[in-house]
Structures are given as structure tokens and as C-alpha cells.
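> So Swiss-Prot has the following annotated:
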type: TRANSIT; residues: 1-34; note: transit peptide
type: BINDING; residues: Ala51, Glu72, Leu80, Val116, Trp401, Gly408, Val409, Ile410; note: FAD binding site
type: BINDING; residues: Gln187, Gly188, Asn189, Val190, Arg231, Arg232, Glu243, Gly408; note: NADP(+) binding site
type: MOD_RES; residues: Ser313; note: phosphoserine
Amino acid sequence: MAPRCWRWWSWSAWPGVRPLPSRSTPTPGFCKKFSTQETTPQICVVGSGPAGFYTAQHLLKHHTRAHVDIYEKQLVPFGLVRFGVAPDHPEVKNVINTFTQTARSDRCAFRGNVVVGRDVSVPELREAYHAVVLSYGAEDHQPLEIPGEELPGVVSARAFVGWYNGLPENQKLAPDLSCDTAVILGQGNVALDVARILLTPPEHLEKTDITEVALGVLRQSRVKTVWIVGRRGPLQVAFTIKELREMIQLPGTQPILDPSDFLGLQDRIKDVPRPRKRLTELLLRTATEKPGVEEAARRALASRAWGLRFFRSPQQVLPTPDGRRVAGIRLAVTRLEGVGESTRAVPTGDVEDLPCGLLLSSVGYKSRPIDPSVPFDPKLGIIPNTEGRVVNAPGLYCSGWVKRGPTGVITTTMTDSFLTSQVLLKDLKAGLLPSGPRPGYTAIQALLSDRGVRPVSFSDWEKLDAEEVARGQGTGKPREKLVDRREMLQLLGH
């Protein structure tokens, strides 16, 4: 939900929302106990991904009169569940059913097509609502910050995922898959998702919700080998065993692992946590054990391959002789220093060049500041907070990735969002939030109308949803995603 432009607001223009010097000396508007008998708590959630919906769900469940408005910059809800989860993982998207139940509550409303920080400011939301929860996620990617990063053929994994998942702003990406080799920098689940989509036989994706445009490009792909590169070793990979197992079993492919990367690892995994131990053991078996007859036969017929390169840190993107495209990546060879969580990769002084025609950066997502009135830590990429309470901003909260950083799976975000909701409800009960009625969406609707902004509702989304499902039926897909904002608005009569 990053703003396109900044506007600085004077605190005097927003009575009752000046930051507290400390929680022990509240301003008059915050000290009166909240009367649950007289007032309906009006709560605003910014962002309709998992963090936003789980926060709303918990608030509605644990306060019988609270009303929650969920603001979203896209025309459609569900955030990374729709635009981030891989098309061949439909089971992960089942949480949409739960989110839909929340959105259909008569105490919840979806306000799509509203960019907080541009169409409406956070101080305006704080003036209209008793509490505001920022749950807008991490929509940017971590830059590599190495020479040549701007060359054509260097793509962020986040943009690539958005492209094949139908995120409107990524539809002009047009990745060139005419090369033989792709390199992915980073060894998390997103890196494995991207590798799997690049190497999966296209016919296996035909019945998923991948866009037809992406499927057409993948059908023409010449990519045969994908290298997945990490700075550290097998014990430090960020992907999970489910994603690794999918790669190992991927039809028509074979894994390439260097047994020397795993020397002495068996003894070092005895005391690591069980999930990490099982993951490392699977890597060890794949790298060092001779495959059985059936598996050997399968690998012999494989036309594509993927490999994990450990102890390599990106140093420079190498251009083609004419300087017009990526031709490879120069990697610094690393070794590990430290133990446990403090283990870090340090360069040995050696380098190696890895040729490729496509370079995908998957070194992490990053949140953006949403509004000049909201504190933001650019180094950590989060909103400074204590248990979800934004520092020096009573009545302002955060949940999800913008609260803790872009780590964990959907269930991690669920737990985190529930905790923020609990803190908010605790503050509400303790009288730490503004007393008296607040106008909620009524006030914001008037502002948006004056500014020519037309929000879309959840019933509008359900019309788009029905259209997507109908378009998918012709080709046996669960849906064909709408990717053009203008077309979506036309379908809604906006």
C-alpha cells in the first residue's frame, strides 16, 4: 500500500491523534473508559491479505459489537493468498473460504480500490475510527545492490510470481525464457516455487489458476537447467521439506547436488530441531545415496535439471558482449563463521562465474512506509511496535509482515495477527482508545467521494469472482484471473 505521493499533515489538523509522550500520561481523548454499552467500536484494517483478514476475524469473534472496515489498494481481496501462493498449491488457498465468511459478516466491510497514503491518509483514518491496524504486508523486494542488477534479464522473484499469478502491475513483465539456464539467488520457499514453475511440464499446470498468458510463455520456454544459489550451507536453507520433496519428485527433472557440500553434516545434525533434521537428512540422501532402479530410470529420461549451489554470494551481474542483457552471475565463494543462529557467510577471496540467460533475485521481500505520519524502520523494513502497538501512536496497530518482517508461513501470520487483535481489545477494555462515537466509513466515504475515488465492495468482488470462474470453465481451470484493472472496473460498471 505504498503511496504515490507524500503529503505532510500538521498534528493540529487532527485533534485527538497527536502521539502520546508515554502511555502513562494519556491525552484527554484517551483517558475516559470506553463504554461498550453506548458505542460501537469502529476499527479500520489496512490490507486484505492474511494479516488483515485474520486480524479482522479475531476482532469480530471476540467483540460482539465491533465493526471492521478492511481497506485494500487492489480491486480484489486476499493479498498473497491470491497473488503469491503457487498455482499448483490450491490447498493453501482454501483459507480464502474462511476469509470470505469474515467479509460477508454484517459487521465487516471490504473497501477495495483505495490506496491508503494517497487516496486517504492515516491521520484521516485515525480521526474516523477508534483504532487503525496496518496489515499491508511487504510489497517490495530486497535489492541485490550489486553491479549489473539493472540489466534486462534480471528479474525479482516477487515480480515473476506476481506475473504468473495475475497481479495487474506485473503483467508487462514479459520474462524472456529463451535461454537454456536460469539462476535463482536465494534458497527460500519462493525460490523453490519459481524453480518448480519454470521446470514443471506446462500440461501439469493447465488445470490450475495460472494465467493463460503465463502458461503460453512457459509452453515456449527453453529453460532446461535452474540453479538455486545460497550464501550459506545446507544447514541454513530457508525452504521447507514439503517444497524440497516436490522438487525432488518433479516429473521430467533430476536434481544436481555436490556431495562435497555435505561432508561431515551427518554428525552435525544430531542435535538440531526435528524439522531441520528431517530436511537436512532428505538433502543428504538425495546428494549422497545411489538412487534405486526405478528412480535411476526416471532420472535417465529427465530432460531438465535443477541444482543447489551452496557457499556462493552474488558479486556482479555479467553482461553479454554488447551489454544489452544478462549473461551470467559472478559469485564470491564463501565459508561459514560462527555457530547456530549467528552463522554468517564470509568471502574466501575466490570467485566463480555461472552463465545464465535469466537471473531471478529471491533474497527477500520488503515493506514500504505507508504515510509520513507513521514511524518506519527502513533498515528492518517494519513499523516500530511493541506487541503490535505502533510506538508513540495510541490507537494505531500493526500485524503481519509489516509488524515482524517478511518471514513465516500463513499460520505464522495468523498467530501474529491474533496477538495484535488481543492487544487492541485489551486496550479497548482498559479505556486506552478514544471514547465516544466515531463516524467510521461514513466520514471516509465522503472524503473519497470528494477526491473522485470509487471503492469496490465485497459483493463487487463476488461478481468478478463469478466472471473468473465462468471464464475458467471453458478450459477446465478453476478460474481465469482478470488481470486488467480497466476491464474489471468496466465489468462492475465503475
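Every residue gets a Cβ built from N, Cα and C, even glycine.
Are these features on the surface or tucked inside, and what touches them?
Other Cβ atoms within 10 Å of the Cβ of Trp401 (FAD binding site) number 29 in total over all chains.
Secondary structure at Gln187 (NADP(+) binding site), as computed by DSSP, is coil. The local packing around Gln187 (NADP(+) binding site), expressed as other Cβ atoms within 10 Å of its Cβ over all shown chains, amounts to 24.
Following the DSSP three-state reduction, the secondary structure of Ser313 (phosphoserine) is strand.
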> Using C-alpha atoms only, work out the spacing between Ile410 (FAD binding site) and Gly188 (NADP(+) binding site) and round it to an integer in Å.
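Between the Cα atoms of Ile410 (FAD binding site) and Gly188 (NADP(+) binding site), the distance comes to 15 Å.
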> Over all pairs within Gln187, Gly188, Asn189, Val190, Arg231, Arg232, Glu243, Gly408, the annotated NADP(+) binders, what is the largest Cα to Cα distance, rounded to whole Å?
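The two farthest binding residues have Cα atoms 20 Å apart.
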> Roughly how many angstrom lie between the C-alpha atoms of Gln187 (NADP(+) binding site) and Ser313 (phosphoserine)?
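Cα of Gln187 (NADP(+) binding site) to Cα of Ser313 (phosphoserine) measures 12 Å after rounding.
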> May I ask you to report the DSSP-based helix, strand or coil state of Arg232 (NADP(+) binding site)?
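Assignment for Arg232 (NADP(+) binding site) reads coil.
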> Find, for the listed binding-site residues Gly188, Gly408, the residue with the lowest Cβ contact count at a 10 Å cut-off, counting only other Cβ atoms.
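Taking Gly188, Gly408 as the binding-site residues, the minimal 10 Å Cβ count falls on Gly408.
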> Sort out for me which one of Ala51, Leu80, Val116, Val190, Ile410 has the most neighbouring CB atoms within 10 A, since those are the binding-site residues we care about.
Ala51
> Using a 10 Å radius around its CB, how many other CB atoms surround Asn189 (NADP(+) binding site)?
18
